[in-house]
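These come from TrEMBL:
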DOMAIN    356-387  domain '4Fe-4S ferredoxin-type'
BINDING   367, 370, 373, 416  [4Fe-4S] cluster 1 binding site
BINDING   377, 406, 409, 412  [4Fe-4S] cluster 2 binding site
DOMAIN    395-425  domain '4Fe-4S ferredoxin-type'
Ligand code: SF4
Ligand code: SF4
């Protein structure tokens with residue numbers, strides 16, 4: 001039997017070689033951090049500090065603004081010096097930021113911790129994860145306490161750990177599996193205990209053979225199973241991963257829990273371990289600083305809110321006129337940064353610096369109806385038709401053609417021989433449809 005996978009998808013070059021053999025290094029503490037209050041999917045957090053307040057590392061500085069929201073904590077020990085607004089590259093809009101100036105080394109304010117998570121009830125773990133402000137670190141930044149709270153009437157049957165890391169260039173989850181193995185596994189056990197499942201599956205693409213064999217050895221005699229997956233983009237998208245591992249399909253408009261699945265990323269499992277066993281709120285995380293434009297690519301432990309320019313200074317970048325763009329994330333789903341003076345988020349798993357000679361040719365030609373975009377769409381959508389509808393602003397027809405099921409994976413744009421950026425149109429159209437829905441009530 002061949003390796004497990006999903007239908008559709010593309011095979012971009014892996015480009016993992018830049019950083020895959022680089023062990024995670026701890027970056028020096030930043031002098032200032034810039035913490036967006038909108039730091040997760042859902043409502044922004046509400047600040048509970050004022051300018052002039054002294055804060056410790058890990059001290060709460062903003063309260064979750066709703067159930068789907070996450071607490072924020074200070075990434076350094078110092079003083080709150082300013083409330084300002086900076087562009088949020090994801091929305092293009094200005095967003096509230098708390099600025100903290102560091103004073104000396106860390107003095108941690110720790111949360112309640114335990115030496116045995118099995119002594120804690122699931123609801124206690126959910127509360128501690130919520131308190132620690134943990135969000136999904138695979139990029140989506142969905143609040144973890146919400147995922148751990150199984151809705152009434154639903155039952156979790158399987159936990160799937162996303163270790164596919166299918167985006168080109170990014171290698172931090174790979175390094176986490178090699179270097180933080182026991183912590184990641186403990187995090188998986190905590191999640192299993194919390195959602196009440198007997199079995200967990202760790203899906204790893206077969207281009208990470210070292211991680212597969214290392215993790216297989218580490219989970220011997222446990223109820224965690226390592227599932228090698230075919231290397232194909234977007235293997236790490238939630239619905240595609242569930243389909244590859246379980247053979248089940250999340251229905252259109254549905255959630256993984258509708259078919260009994262719960263998905264967490266490798267680094268999120270680590271963050272959950274760190275909160276429950278070490279009492280650490282989520283103020284630091286792993287990141288790959290990589291791409292052809294980086295002089296010394298690698299994997300690092302960074303403080304949330306560090307400016308991208310400061311991270312890039314550490315690894316060095318090549319001449320500016322050779323650089324095409326700097327991305328939060330990888331080239332397929334990453335967000336192009338308008339300015340490297342912007343700060344990092346909790347969920348930043350990579351900064352990729354792409355050079356002009358490797359960036360895709362931006363010349364756009366008319367659609368030749370080759371249907372390549374249809375065959376690669378992992379959701380089974382008709383991107384060329386959706387693009388036509390988006391261009392003519394037929395939003396109701398677009399919705400009927402399942403626009404909202406598009407996971408913005410970029411596979412259609414990647415494969416299009418005419419260089420049409422279909423995904424960009426769908427991202428914009430989804431924002432318009434959401435706004436129209438809100439207006440219609
Ligand atoms: S891949 Fe590009 S050219 Fe081919 S049908 Fe889709 S939009 Fe048209
Ligand atoms: S971006 Fe959307 S339409 Fe394009 S391949 Fe991905 S899911 Fe399909």
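Any Cβ shown, glycine's included, is placed from N, Cα and C.
Annotations in TrEMBL come from automatic prediction, not curation.
Feature map: annotations from TrEMBL on the structure.
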residue : record                          : CB count, 10 Å
367     : [4Fe-4S] cluster 1 binding site : 17
370     : [4Fe-4S] cluster 1 binding site : 13
373     : [4Fe-4S] cluster 1 binding site : 27
377     : [4Fe-4S] cluster 2 binding site : 24
406     : [4Fe-4S] cluster 2 binding site : 22
409     : [4Fe-4S] cluster 2 binding site : 25
412     : [4Fe-4S] cluster 2 binding site : 29
416     : [4Fe-4S] cluster 1 binding site : 24
Residue 406 ([4Fe-4S] cluster 2 binding site) to residue 370 ([4Fe-4S] cluster 1 binding site) - Cα separation in whole Å: 20
In sequence order, those binding-site residues of 406, 412, 416 whose CB lies under 6 Å from ligand 2: 406, 412
Residue among binding-site residues 377, 409, 412 with Cα closest to the Cα of residue 367 ([4Fe-4S] cluster 1 binding site): 412
Binding-site residues whose CB lies under 6 angstroms from ligand 1, from 367, 377, 406: 367
Segment-level pLDDT (mean, integer) for the domain '4Fe-4S ferredoxin-type' (395-425): 95
Between residue 370 ([4Fe-4S] cluster 1 binding site) and residue 409 ([4Fe-4S] cluster 2 binding site), the C-alpha gap once rounded to whole angstrom: 20
Cα separation, residue 416 ([4Fe-4S] cluster 1 binding site) to residue 409 ([4Fe-4S] cluster 2 binding site) (Å, whole number): 14
Cβ within 8 Å of the mean position of the Cβ atoms of 367, 370, 373, 416: remaining residues of the chain near [4Fe-4S] cluster 1: 368, 369, 371, 372, 383, 384, 412, 415, 417, 418, 420, 422
For residue 377 ([4Fe-4S] cluster 2 binding site): DSSP state (helix, strand, coil): coil
Non-site residues, in chain order, whose CB comes within 8 A of the mean position of the CB atoms of 377, 406, 409, 412 at [4Fe-4S] cluster 2: 373, 376, 378, 379, 381, 383, 407, 408, 410, 411, 422, 423, 426
For the domain '4Fe-4S ferredoxin-type' (356-387), the number of residues DSSP places in helix, strand and coil: 10 helix, 0 strand, 22 coil
